[in-house]
Amino acid sequence: MLPDPGVCPSLAKVGAPRCASESSCRRIPVSARLAGVGLLIAFLSSLGCVVRAPGVGLNMAEGDTLISVDYEIFGKVQGVFFRKYTQAEGKKLGLVGWVQNTDEGTVQGQLQGPISKVRHMQEWLETKGSPKSHIDRADFRNEKVIVKLDYSDFQIVK
């Protein structure tokens, strides 16, 4: 546990000598402490360490980094209930995000959640889809580590 940055380290122990210089006992602004925590989380995530978003339940991110990824699926994916099955699979995995048809005949969307669950969903999007769909290709872009989820559910956008 880190010492309280608002308390002089010399005063942390009873009977310890006081600071020689009052300037070394200055308080660190909350914004600086929060920025430091954000940098630490980003650094640890880049090393593959576990980062759990504050306020996220144990079922969502315990021991698993949260990520966000955009996707686009090519093939026979419209008119075959692809969006409905995608939403159901995403909800089953505990993911959040959205899915929609495009004017180009593809399906696109965004996934957010624990990395292991997102990877499972990516495989499902590449290989399975809805029963009557035929997937030619799946593109995944803009993958990034996130600290909190941007959505509360998995929605079909019309």
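Easy rule for this one: first residue shown is 1, then count along the chain.
Positions of Cβ are set from backbone N, Cα and C atoms, glycine also.
Annotation source TrEMBL lists active site at R83 (among others). In sequence order, V99, Q100, N101, V107, I156 make up the list of same-chain residues 6 or more apart from R83 (active site) whose Cβ falls under 8 Å from its Cβ.
The active site annotation in TrEMBL covers N101 (among others).
The domain 'Acylphosphatase-like' annotation in TrEMBL covers 68-158.
Assigned with DSSP, the residues of the domain 'Acylphosphatase-like' (68-158) fall into helix, strand and coil as follows: 25 helix, 39 strand, 27 coil. Mean pLDDT for the domain 'Acylphosphatase-like' (68-158) in this predicted model: 97. Its Cβ placed at the centre, N101 (active site) has 18 other Cβ atoms within 10 Å.
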